[in-house]
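According to Swiss-Prot:
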type	residues	note
BINDING	8-13, ASP33, ARG38, 86-90, 127-128, GLU161, 272-275, ARG342	NAD(+) binding site
BINDING	157-161, 216-223, 256-269, 334-335, ARG447	substrate binding site
ACT_SITE	CYS272	active site, nucleophile
MOD_RES	SER393	phosphoserine
Amino acid sequence: MVKICCIGAGYVGGPTMAVIALKCPAIEVVVVDISKPRIDAWNSEQLPIYEPGLDEVVKECRGRNLFFSTDVEKHVAEANIIFVSVNTPTKTRGLGAGKAADLTYWESAARMIADVSKSDKIVVEKSTVPVKTAEAIEKILTHNSKGINYQILSNPEFLAEGTAIEDLFKPDRVLIGGRETPEGKKAVQALKEVYAHWVPEDRIITTNLWSAELSKLAANAFLAQRISSVNAISALCEATGANVAEVAYSVGKDSRIGPKFLNASVGFGGSCFQKDILNLVYICECNGLPEVANYWKQVIKINDYQKSRFVNRVVSSMFNTVSGKKIAVLGFAFKKDTGDTRETPAIDVCHGLLGDKAQISIYDPQVTEDQIQRDLAMSKFDWDHPMHLQPTSPTAFKQVSVVWDAYEATKGAHGVCILTEWDEFKTLDYQKIFDNMQKPAFVFDGRNVVDAEKLREIGFIVYSIGKPLDAWLKDMPAVA
């Protein structure tokens with residue numbers, strides 16, 4: 001029986017292994033993690049992450065051929081194929097701080113694999129890692145090999161949170177990078193055979209190691225670039241009276257461009273886009289390519305500009321101050337159908353409003369109060385002037401309340417900021433919300449989810465990103 005072990009029970013490792021277990025009933029799959037609370041959650045009725053369809057997959061396989069354990073060394077030693085799906089955050093200190101990936105967890109996983117292995121292993125990079133990481137891992141394993149053969153493969157994930165299970169069931173492609181040696185090709189074939197249980201052969205792409213590693217960074221950079229491109233156009237639309245939805249639709253009809261990732265918004269977030277672009281920037285700088293590095297930096301600068309532009313629009317619209325005013329924030333996760341708040345634009349928007357002494361009431365259907373307070377207590381990392389992350393002043397907490405109902409969040413508010421495109425925000429009773437707000441009542445739609453005209457008929461002053469401005473807003477500066 002083939003045995004697979006995955007180190008890391010997070011957003012990538014858990015769902016990926018659950019689907020492999022579902023599709024390959026003859027393979028034993030064990031997900032290991034040093035965090036007991038996390039593993040306990042995976043073994044409970046309340047999984048540690050929210051992802052549509054995940055519950056059903058886990059419950060069907062758990063205890064049959066899918067297991068979650070804290071006994072990391074035992075299961076690593078027994079496995080034929082080891083996926084490494086540990087966190088690779090951006091470094092916050094030292095060489096490359098603010099840009100380079102921190103491979104501390106990766107290196108400790110590699111050293112542990114070398115320590116406990118008693119048979120040949122295929123080690124698969126599942127985390128997003130810098131180009132040439134495989135080479136470094138290979139060196140650690142071979143220098144500590146004790147006669148054991150290791151083959152390193154790169155098998156980057158291309159999941160989108162909120163649709164991860166769907167993406168795993170029907171992937172656009174599965175990418176496997178390996179050494180172009182007989183042993184390397186054999187390892188690639190072994191992993192191909194796992195995916196071939198449900199993925200058509202023409203969707204399984206094999207490359208060399210470095211191409212696979214760079215493909216993941218490039219894919220995320222291209223996607224983020226599209227978002228920053230349409231967001232840059234949204235600012236111009238507001239200045240000229242054009243409608244960004246119409247522009248994006250027209251542009252997306254070009255078959256060379258296509259319609260995806262052309263929705264203007266308050267900005268992109270999530271664990272990957274910013275981290276991977278900064279990683280790409282660092283690799284370019286290290287390879288003497290400053291022009292290329294600056295090109296990709298601009299994608300993040302536009303994203304930061306879009307968030308600050310949104311905050312400035314809120315403040316300038318409300319008589320140039322939100323001091324002491326209640327602002328309802330609807331949505332805190334970085335996108336709908338996930339509870340993930342990593343790099344969510346909501347953090348920067350809230351910080352901007354708190355900086356002007358607003359009183360903020362936050363509602364998100366999937367994010368806990370504890371998570372929101374933790375996120376807001378962390379200062380923004382300035383990647384051009386690196387310093388270690390420090391908590392902000394605790395005084396900010398007094399201005400923030402977290403509630404479990406959109407109507408409670410908006411009661412008595414002067415303005416509403418929609419920062420996540422949860423479906424429920426499209427169907428709220430906005431007449432009821434309007435009746436219970438201070439007047440004039442403002443809606444700042446950071447995701448373009450509401451029907452602005454209907455809200456104006458109710459009496460709201462509405463700002464939608466990249467759409468023709470409400471008469472009230474036309475004379476207000478977009479950027480302070």
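Backbone N, Cα and C atoms are what each Cβ position is placed from, and that goes for glycine too.
Positions of the features from Swiss-Prot, shown on the structure.
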{"residue": "TYR11", "record": "NAD(+) binding site", "contacts (Cβ under 8 Å, 6+ apart)": "ILE49, GLU51, LEU159, GLU161, ALA164, SER271, ASP340"}
{"residue": "ASP33", "record": "NAD(+) binding site", "contacts (Cβ under 8 Å, 6+ apart)": "ILE7, GLY8, ALA9, GLY10, GLY13, ILE39, PHE68, THR70, VAL72"}
{"residue": "ASN87", "record": "NAD(+) binding site", "contacts (Cβ under 8 Å, 6+ apart)": "GLY8, GLY10, TYR105, SER127"}
{"residue": "GLU157", "record": "substrate binding site", "contacts (Cβ under 8 Å, 6+ apart)": "VAL12, THR16, LYS126, THR128, LYS216"}
{"residue": "LEU223", "record": "substrate binding site", "contacts (Cβ under 8 Å, 6+ apart)": "PHE261, PHE273"}
{"residue": "PRO259", "record": "substrate binding site", "contacts (Cβ under 8 Å, 6+ apart)": "ALA248, TYR249, GLY252, LYS253"}
{"residue": "ASN263", "record": "substrate binding site", "contacts (Cβ under 8 Å, 6+ apart)": "ILE227, VAL230, ALA248, ARG447, ASN448"}
{"residue": "CYS272", "record": "active site, nucleophile", "contacts (Cβ under 8 Å, 6+ apart)": "THR128, ASN220"}
{"residue": "LYS335", "record": "substrate binding site", "contacts (Cβ under 8 Å, 6+ apart)": "GLU161, GLY162, GLY269, GLY270, THR420, GLU421"}
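Residues near GLN274 (NAD(+) binding site) in space but far in sequence (CB under 8 A, at least 6 apart, same chain), listed by position: THR90, ALA224, PHE268, ILE300, ASN303, GLU343. Of all Cβ atoms in the protein chains displayed, 25 besides its own lie within 10 Å of the Cβ of GLY8 (NAD(+) binding site).
Counting only same-chain residues at least 6 apart in sequence, those with a Cβ under 8 Å from the Cβ of ALA219 (substrate binding site) are PHE158.
In the three-state DSSP scheme, ASP33 (NAD(+) binding site) is classed as coil. Taken residue by residue with DSSP, CYS272 (active site, nucleophile) is part of neither helix nor strand, so it is coil. Figure note: comparing Cβ neighbours within 10 Å for the binding-site residues GLU161, GLY267, the maximum is reached by GLY267. For the recorded site, LEU223 (substrate binding site), the DSSP three-state label reads helix.
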